[in-house]
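The structure appears right after this line, and notes come after that.
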């Protein structure tokens, strides 16, 4: 969407037309995220993008009609006992509590559920509608000990089979969150580094589908993934997941063996993905998140192996336009919900839906022209 078309989103009330939208994310994300373009797009539709200073009173930096952020790394530090991080998170949440009219993208309580891989997988496992609609997650178990016998018993009790992927419990918080290993046999149990989640490795012909969600739209981007493996007398394999699945990845780990009879390359079905995204949006209450999906060889089971907060949207060419449009839409909706308020607008329900029904009330839109495929060489 170009700036001329987006100008249709201008508010008639001039006092709102240049309302402030606060933002905060790490310097690392700033380097990868086209912040200047977002600033330009928001300006074209009547918003002034302002970086938050988390060391000072947020209220004095406003007033804001919306705040968009990625505080996941600070949340993890706060939950780990870091006093400075705890102070930042408490101050932010206090601001949110005392300014319910401000649109928050996304609420901190909703983000917390994706900080732990175990909690991610448990949400999917415990959702009957997910199973009914044909997707799930590979068997998994949380491991908190280095005792090989304790871990062996836990793996058996939770039907986690060799080979399995050992993933750090924390899904965010730095490069360590992406350092993983594949364990092929009982000898490899000594390589477990707790706390972690052990998840059965499912052969999927080295194809990963990254699903990027922006409000009520989603996009599917094909990426390389790990080749097919089997249990056996193999040493533990250590890898960095972003390196394996980046668009231009060239690795022997993503090349199928010549004698591999795993079958045809899987193709994702839009109708299944649409239902999946609808369900997860309503469970999580998030507007900006990503889903890593694989399709099992032979069975064609749809399996979620990871979820991410406010991803990079690599491969979604107009994601900046859509994020700007999302801000405008949510602020407009808040204004309509609370016409008495002129400067700040009331946010819709941001609670996490953990009910068994996993209601599928909100529909999402798949934009087919956004699909980008990465061929494996």
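Note that Cβ sites are derived from N, Cα and C of the backbone, with glycine treated the same way.
For 29, 70, 178, 210, 308, 312, the entry in TrEMBL reads 1D-myo-inositol 1,3,4-trisphosphate binding site. Classification of residue 312 (1D-myo-inositol 1,3,4-trisphosphate binding site) by DSSP places it in coil, neither helical nor stranded.
Annotated Mg(2+) 2 binding site per TrEMBL: 306, 308, in sequence order. In sequence order, 114, 171, 172, 289, 290, 291, 292 are the residues of the chain that are 6 or more apart from residue 308 (1D-myo-inositol 1,3,4-trisphosphate binding site) and have a CB within less than 8 Å of its CB.
Annotation comment: TrEMBL describes 21-109 as domain 'Inositol-tetrakisphosphate 1-kinase N-terminal'. This prediction places the mean pLDDT of the domain 'Inositol-tetrakisphosphate 1-kinase N-terminal' (21-109) at 95.
Positions annotated as domain 'Inositol 1,3,4-trisphosphate 5/6-kinase ATP-grasp' by TrEMBL: 133-325.
Look at TrEMBL and you will find 337-360 tagged as region 'Disordered'.
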Cβ-based isolation winner (fewest other Cβ atoms within 10 Å) among the binding-site residues 70, 178, 210: 178
For residue 178 (1D-myo-inositol 1,3,4-trisphosphate binding site), the three-state class that DSSP assigns: helix
Rounded Cα separation (Å) that holds between residue 29 (1D-myo-inositol 1,3,4-trisphosphate binding site) and residue 306 (Mg(2+) 2 binding site): 19
Residues that sit under 8 angstroms from residue 312 (1D-myo-inositol 1,3,4-trisphosphate binding site) by C-beta distance, when 6+ apart in the chain: 29, 32, 33
